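Novice: Mind having a look at this structure? Questions to follow.
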Amino acid sequence: MTNIITRFAPSPTGFLHIGSARTALFNYLFARHNNGKFFLRIEDTDKKRSTKEAIAAIFSGLKWLGINWDGEVIFQSKRNSLYKEAALKLLKEGKAYYCFTKQEEIARQRQQALKDKKHFIFNSEWRDKGPSTYPADIKPVIRLKVPREGSITIHDTLQGDIVIENSHIDDMILIRADGTATYMLAVIVDDHDMGITHIIRGDDHLTNAARQIAIYHAFGYEVPNMTHIPLIHGADGTKLSKRHGALGVEAYKDMGYLPESLCNYLLRLGWSHGDDEIISMNQAIEWFNLDSLGKSPSKLDFAKMNSINSHYLRMLDNDSLTSKTVAILKQNYKISEKEVSYIKQAMPSLIVRSATLIDLAQLAYIYLVDSPMIYNQDAKEVIKNCDKDLIKQIIANLNKLEQFDKECIQNKFKEIAIYNGLKLNDIMRPVRALITGMTASPSIFEIAETLGKENILKRLNIIYYNLNF
């Protein structure tokens, strides 16, 4: 079998899109499964839209996900001389031609076809003209001379064979008037030079496939195996957009998802291995194949993503969870060693209530005794409407406790509830709001034991102040 070589070839015009990350993952897994190579190419021929920040985002996003490429990164912007050389070769062989038609004329013809309700294919008057007719005052483009007769067949692993008549394919531009190569030419020259054997990409590229194959044929290059995968859709079944939630990999990192979890989730968006839901990277490399790709678009499901992330969070040990949680909190707060120890001690009760690292950090804020309390809106309402005399009674009783462990604290609250003819939950609701700033949290008795009497009384004593909620 030929040595498998795949590639990921993003345009650096923005963040690393979640759909692009899945494409990179599939190419990476297919190469690794077959002991092949996986290359990274930056398609930065569009100088106006390509940015250094976007390139950095691609690099950091892939590295964070654990998708490591082989060899040096290829930059198309550094290869324009090779593209021009390739185009001139086609010119010499009569497979391409100089076209001097102005863009205004092409636009006029397109508008006329639209008016006549006809499909527009530009037919250049320069296709078969010689140098003696070339105008001296116009910079030409170089166009591919696509055969007028016959057809092109796209042999797609997933979509099957798709036949496109040559009459439906335009003489596409290979070199622009300014001397730069178009995407269509650059991608074919690069894939050939890099020895790419398999192309796995979104089915939005399917419309380009026949045009690209026409260029492959013109050069006499072998066409790589093509697999066009359905795009990721939003929960409503429409094409993924900003209204469906985060689109960039960096955003998912900031939302507290683990890279292993996100890879697992993306893998299952369009690929399956029986009923397996939790699949490690090593398992994915062992099992990945093109036969198990799905033909229908997958829908982005945050509930499923959270479920998978919860699983991976629970696989981490206490030290690792504490370290990751504290790192997030330190972005905004100064944290003492004492507070770190509180968080570490409380971690078992925090992790079971968290789907992401951000969830963990928000709950862990309860244990930042040296930072101002933050009360959510529900907690504010509970505190505003609570029986302040009851809270003062609770403060007095807790202050007298000599042993401040969760069992003693719980028993004391039960006594207070019985004394006041109340249910335990009735008195715990305002206490929880005052101690945690929330109306739902881990066990108050465990929190109290961890933080100690002094910190708990300090938080309850806020009831004495004129709260401006």
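Numbering starts at 1 and runs along the chain as displayed.
For all residues, glycine too, the Cβ spot is worked out from N, Cα and C.
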Novice: If you look at how Swiss-Prot annotates this chain, which of 79-83, 164-168, 239-243, 439-443 comes out as motif ''KMSKS' region'?
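Specialist: Swiss-Prot lists motif ''KMSKS' region' for residues 239-243.
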Novice: Of the ranges 10-20, 329-339, 384-394, which one does Swiss-Prot flag as motif ''HIGH' region'?
Specialist: 10-20
Novice: Could you give me three numbers for the motif ''KMSKS' region' (239-243), the DSSP helix, strand and coil residue counts?
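Specialist: Split by secondary structure, the motif ''KMSKS' region' (239-243) comes out as 2 helix, 1 strand, 2 coil.
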